[in-house]
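In what follows, a structure is listed as structure tokens, so that the remarks can point back to it.
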Amino acid sequence: MKVDVGPDPSLVYRPDVDPELAQSKDSFRNYAAGPLLDRVFTTYKLMHTHQTVDFVSRKRIQFGGFSHKKMTVMEAVNMLDDLVDESDPDVDFPNSFHAFQTAEGIRKAHPDKDWFHLVGLLHDLGKILALWGEPQWAVVGDTFPVGCRPQASVVFCDSTFQDNPDLQDPRYSTELGMYQPHCGLENVLMSWGHDEYLYQMMKFNKFSLPSEAFYMIRFHSFYPWHTGGDYLQLCSQQDLDMLPWVKEFNKFDLYTKSPELPDVDSLRPYYQGLIDKYCPGILSW
């Protein structure tokens, strides 16, 4: 399948990462070619067709009570052994390894910020939604605001939104759509997925992490904003102040992906200590 799509904007942003951990930047987030492209395109086509204001609103209600399961953070990490992200063109191994890869990259670069290490481990735990019967297009992939016209740096923007009913609705089809200028991303309805679910779950369970951690979890998949430079018309000053933190997290989320899988068993005791410090015990999911 040939898809007419320009270079992904995240490739313009190439932070400094240990070269031993990083592949060539051109090999990451390649949405124009590659062995996984058909799978990735299909996932985004479904996402961009069905993620609407109504759909997101219903999902927030469905999962907002956090009555689905009781378990610890490490039990959730273990569940990711059974998940391969169908929107990711870079990896084809279980998401649990990616969690530890990201966390260890952050730990190496920021040894004094143990809360940041934990963010690396936590950031994709919302993907357990896919193990509870949710389709991957409603769980994984880059996020974007619903309720306004998608902007140019959304992946496959020109080839996947034709059947989205919101774009035929004059309330939702302009650049601002249903929002006020600079209303702040906290007041924007993002496409439903693992970011928003985990952010809300962390608030519900009262994780004792700094506000930067909550922000990185909530917007780490919002590539059209943090690397594409789009949607600034919706941003508040707080969003702009937090943007460097999201960018800092992103370089570890993206550029620590490697088929060299970590020795997870040896890392568990350290991360269990962080869990016990910031989000202990049996939690509501």
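Yeah, the Cβs are placed from backbone N, Cα and C, and that goes for glycine too.
For Lys127 (substrate binding site), other Cβ atoms within 10 Å of its Cβ number 26. TrEMBL lists Arg29, Asp85, Glu86, Ser87, Lys127, Gly141, Asp142, His220, Ser221 with the feature substrate binding site.
Within 10 Å of the C-beta of Asp124 (Fe cation 1 binding site) there are 27 other C-beta atoms, taking all protein chains into account. TrEMBL lists His98, His123, Asp124, Asp253 with the feature Fe cation 1 binding site.
Summarising the annotation, TrEMBL assigns Fe cation 2 binding site to His194, His220. Counting only same-chain residues at least 6 apart in sequence, those with a Cβ under 8 Å from the Cβ of His220 (Fe cation 2 binding site) are His123, Asp195, His226, Val246, Phe249, Asn250, Asp253.
A straight line from the CA of His98 (Fe cation 1 binding site) to the CA of Lys127 (substrate binding site) spans 12 Å.
In the structure as shown, the Cβ atom of Ser221 (substrate binding site) sits within 10 Å of 26 other Cβ atoms. Counting only the Cα atoms, the space from Asp142 (substrate binding site) to His194 (Fe cation 2 binding site) is about 10 angstrom.
Cβ contacts within 10 Å of His194 (Fe cation 2 binding site), excluding its own Cβ and spanning all protein chains shown: 27.
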